[in-house]
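Visitor: Feature list, courtesy of TrEMBL:
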type	residues	note
DOMAIN	7-145	domain 'Lactate/malate dehydrogenase N-terminal'
BINDING	12-17, 37, 42, 68, 82-83, 98, 121-123, 146	NAD(+) binding site
BINDING	85, 91, 123, 124, 125, 126, 151, 152, 153, 154, 232	substrate binding site
DOMAIN	148-315	domain 'Lactate/malate dehydrogenase C-terminal'
BINDING	156, 171	beta-D-fructose 1,6-bisphosphate binding site
ACT_SITE	178	active site, proton acceptor
MOD_RES	223	phosphotyrosine
Ligand SMILES: NC(=O)C1=CN([C@@H]2O[C@H](COP(=O)(O)OP(=O)(O)OC[C@H]3O[C@@H](n4cnc5c(N)ncnc54)[C@H](O)[C@@H]3O)[C@@H](O)[C@H]2O)C=CC1
Ligand SMILES: CC(=O)C(=O)O
């Protein structure tokens, strides 16, 4: 048996980062967890607080407050650092500020000698994942964004609730930008092995207009939560843990992440939310779903919005 120890370095221990650290410890996913933040006192306090939960955790985790040199021996660096949306702001509004922050962070991580996988959650996540790929010079499969993992979870939860079926038996994806131009892949959605179209045909209590509203609630969930409590963090934290497990445990799990397209879906040179096979090497491959014409048009629009937002920002660097 290998005595290799898994190490995750978390950069950014704000609301999202500290919720991720807490969920990671609770699920016993990694042997070592290092916390890094511009606000050193905050990450030091978080390390102390989390350590006091170790006697109650399912397996031992060594947790400390560290610095970028700790990335050298890391398997995974998860970045949750940067500004979040204020009420009324879109994710794309954060692009300039967070790209500037990322330049410094990625340079430090690469300078440490890090050779693992980057996982990015900071918004706008698709563009910042591209930024990490560009700034780091890493192969595309070792740079992953959380993409639409959270949107897909919201979609599955709401579909499960609507059809009164356990959400784990709902297979349906949100793809595209993690943001206002995302789209549901209705043509492939199945609940308990029955397509959504069949559910509508079989029972008149289910209506297309309810499903249209359901998607709007998925798309606008972040705005609804931010209006009520200022930020969202538990859902994404659990999504990041799911991704961490898929990577460290070499799962070949299919998750909707922000992946680099190199011809898939008819696009290239963009990171965007699509289903992909995730394992110990990062992204093994993008799963190319057959979309209907309306879905294709919406996906193309989402790619165009991301590219046109990203281009002027990257030209400045
Ligand atoms: N991908 C997704 O599905 C989701 C993404 N997010 C995004 O996650 C990001 C973080 O959100 P919150 O945790 O709510 O924000 P927060 O403000 O609570 O935490 C941000 C943390 O980043 C740290 N930070 C800032 N600059 C840094 C630097 N140069 N180096 C190291 N640390 C630095 C801050 O000190 C702070 O602790 C935001 O961009 C937010 O929009 C939030 C929810 C879901
Ligand atoms: C903030 C954000 O990106 C979300 O909750 O979807």
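Positions of Cβ are set from backbone N, Cα and C atoms, glycine also.
Automatic, uncurated: that is what TrEMBL annotation is.
Since we're looking at a predicted model, the values are computed, not measured.
Situate these features within the shown structure.
Guide: Mapped onto three states, the DSSP output places residue 14 (NAD(+) binding site) in coil. Summarising the environment of residue 14 (NAD(+) binding site), the number of other Cβ atoms within 10 Å of its Cβ, over all protein chains shown, is 21.
Less than 8 angstroms from the CB of residue 151 (substrate binding site) sit 174, 178, 182, 218, 219, 221, 256, 273, each of them six or more residues away in the same chain.
Secondary structure at residue 171 (beta-D-fructose 1,6-bisphosphate binding site), taken from DSSP and collapsed to helix, strand or coil, is strand. Sequence-distant contacts of residue 171 (beta-D-fructose 1,6-bisphosphate binding site), defined as residues of its own chain at least six apart whose C-beta falls under 8 angstroms from its C-beta, comprise 156, 189, 190, 191.
Secondary structure at residue 178 (active site, proton acceptor), as computed by DSSP, is coil.
Residue 223 (phosphotyrosine) has a Cβ environment of 16 other Cβ atoms inside 10 Å.
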Visitor: Among 85, 125, 153, 223, 232, these being the recorded positions, pick the one whose CA is nearest to that of residue 68 (NAD(+) binding site).
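Guide: Closest by Cα: 125.
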Visitor: Grab the pLDDT values for the domain 'Lactate/malate dehydrogenase C-terminal' (148-315) and give me their mean, rounded.
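Guide: Mean pLDDT for the domain 'Lactate/malate dehydrogenase C-terminal' (148-315): 97.
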Visitor: When the Cα of residue 123 (NAD(+) binding site) is compared with the Cα of each of the recorded positions 85, 223, 232, which one is closest?
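Guide: Going through 85, 223, 232 one by one, the closest to residue 123 (NAD(+) binding site) is 85.
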Visitor: Would you list, in sequence order, the binding-site residues among 12, 14, 37, 85, 121, 153 whose CA lies within 10 Å of the CA of residue 223 (phosphotyrosine)?
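Guide: Those near residue 223 (phosphotyrosine) - Cα within 10 Å - are 85, in sequence order.
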